[in-house]
Amino acid sequence: MKILSAEQIRAADAFTIEKEGIQSDELMERAGSAIFGWLNSQLNGSPVTLHIFCGTGNNGGDGLVVARHLLEHGYQIQVYIVNYSDKRSADFLINLDRLKDRKVWPEVIKEESALPVIPEGDIVLDAIFGTGLNREPEPWVCKLMQSLNKSKALVVSIDVPSGMFLERHSDPKQVVHAHYVLTFQHPKLPFFLPSSGRFCEQWVALDIGLHQEFIDSLDTAYELIGFREVRPLYRFRKKFSHKGTYGHALIVGGSHGKMGAVILSSEACLRSGSGLVTAFVPGCGYNPLQSALPEVMVMTGKDESELTEIRMPFTPSAVGIGMGMGTSKASIAAFRAFLESNTSPLVVDADGLNAISKDRSLLKLMPPGTVLTPHPGELERLIGPWKDDFEKLEMARKFVGEHHCLLVIKGAHTMVVSGTKGYVNSTGNPGMATAGSGDVLTGVITGLLSQGYLPEEAALMGVYIHGRAGDLCLDSQSMESSIASDITAHIGAAFREFYTEDSDEKEREVRE
Ligand SMILES: NC(=O)C1=CN([C@@H]2O[C@H](COP(=O)(O)OP(=O)(O)OC[C@H]3O[C@@H](n4cnc5c(N)ncnc54)[C@H](O)[C@@H]3O)[C@@H](O)[C@H]2O)[C@@H](O)CC1
Ligand SMILES: [K+]
């Protein structure tokens, strides 16, 4: 699903209004009705009081439409106008009149007004600012937003938490902290970023019928990746295929005490469909690997406890490297020698990334399309410190352009940066924040590359499958008890969803 910029949202609104020959207040009516419909389905006529805070632009106008519908359905409402500007949008005024016609006179909150008291258990509807926010709110408006955050009410924001910029960092003290965000048509980028995502605990996208062809024609910088986006990438296995059809992957890493990382990656690589998997490890890895994974072939270097050489007596169809490898001088030298001779599609993780951070000349040796899978700490060592998430994404994009690679930035919403685009993953849960989870991801992506998936396809599908497998773990585990090998154990079930009978059903569900 595309993630639109504020400007693209405005263009989509305007195009829809023109193309359908409707008035802009009709689109606002649709938007407000969609919000009301969702609220009504949850509240079911309950006698709770809703405090509706409306700004003076179109987001505030939405709030006024919702207020009218709530009133007409017998809900108890209290409407406030947050008077941060003397300018009122035309559709705000139309809807203010419609409310006044129904004998509702909102309370106007100005700089000098006392802050309203919100009793515990009430609901706050936040329609102060929407996507039109273009400067920081004034201090008194921030104070009001903070008082809403401190209240014990359930906070529901319309479109975006007020004060949240779509394309730049927002100060947490200047943003409404929403329990729910009811957003129009498409989710917004800050919902998925670590610093701002915590201000929208849950979001729901409501269809307001924006013109689909126009949206399809937009080139967006970001996209949300779910079942619908990944399923078309999936390649069904052919009847007359054999294990050679699906490649021979090489997993390289390990050191004394860190052999588990290679075991986890190798198994995940096999479980993701690579025809053959060979692991290359130091001598001490021979027995554990052979015992843990009879399906995996094992080759060892000369040294017992660390990699001092990496031999490749065959040309792998893909290589995953770096897990548990250590960053001793000898291992980095072995890594360099490997990169100098390797031409196979490559995934670099963990100590492979740390080696690159220590010696950036290694970057030039990677084949184009190499997939780097850093967690935030590794990313910082790779691209340098950033001041906020937006700068981080810009720096990541620049890095990807300069080095012709892909970045898989691991996190609650893992982001794949490929070319000029960022792809936000939608699967996964906090139970996956556990030792070895990243090793499994490297194995999955390597396994997909090994079968001939292109780097971008392998990265997107790998991240999705990994997260989905983590979600499926929760059928039998808790978030606390899930461990990396549980994720691997559910890779099969995650793949199965691509071709079982209910996958069409699932796709429909996602679409609805
Ligand atoms: N354009 C449309 O046709 C539709 C817009 N919709 C709603 O409209 C919202 C966007 O509305 P607007 O563009 O009117 O903007 P907002 O309602 O988000 O903001 C209000 C206005 O205040 C001004 N402003 C911005 N930052 C400010 C600040 N810090 N302090 C004081 N004033 C500030 C701007 O002029 C802005 O237009 C969306 O989020 C959505 O809720 C929906 O009704 C759907 C249809
Ligand atoms: K809002």
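Placement of Cβ uses the backbone N, Cα and C atoms for every residue, glycine included.
Sequence-distant neighbours of G61 ((6S)-NADPHX binding site): residues of the same chain at least 6 apart with a C-beta under 8 Å from its C-beta are D25, M28, G32, C54, S89, D91, F92, I94, N95. What TrEMBL records for 58-62, 130-136, D159, A261, G324, H375, D439 is (6S)-NADPHX binding site.
Just so you know, the Cβ of D126 (K(+) binding site) picks up 30 other Cβ atoms within 10 Å once every protein chain is counted. Following the DSSP three-state reduction, the secondary structure of D126 (K(+) binding site) is strand. What TrEMBL records for N59, D126, S162 is K(+) binding site.
According to DSSP, G411 (AMP binding site) sits in a coil region rather than a helix or strand. Feature annotation from TrEMBL assigns AMP binding site to K410, G411, A412, H413, T414, G438.
Summarising the annotation, TrEMBL assigns domain 'YjeF N-terminal' to 9-216. Looking at the domain 'YjeF N-terminal' (9-216) alone, the prediction's average pLDDT is 97.
Feature annotation from TrEMBL assigns domain 'YjeF C-terminal' to 226-498.
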Same chain, not part of K410, G411, A412, H413, T414, G438: whose C-beta falls within 8 angstroms of the C-beta centre of the AMP site? Give them in sequence order. H375, I409, M415, N425, G428
Name, in the order they occur in the sequence, the residues of the same chain whose CB lies under 8 A from the CB of G411 (AMP binding site) and which sit 6 or more residues away. P194, H375, P376
Could you find out if DSSP has N59 (K(+) binding site) as helix, strand or coil? helix
Other residues with Cβ within 8 Å of the Cβ centroid of N59, D126, S162 at the K(+) site? F53, G55, G60, G63, A127, I128, F129, G130, S157, I158, D159, V160, P161, G163, V176
Tell me which of the binding-site residues S162, K410, A412 ends up closest to N134 ((6S)-NADPHX binding site) in space, Cα to Cα. S162
Can you tell me which binding-site residues out of N59, S162, K410, T414, G438 are within 10 A of T131 ((6S)-NADPHX binding site) by Cα, answering none if there aren't any? N59, S162
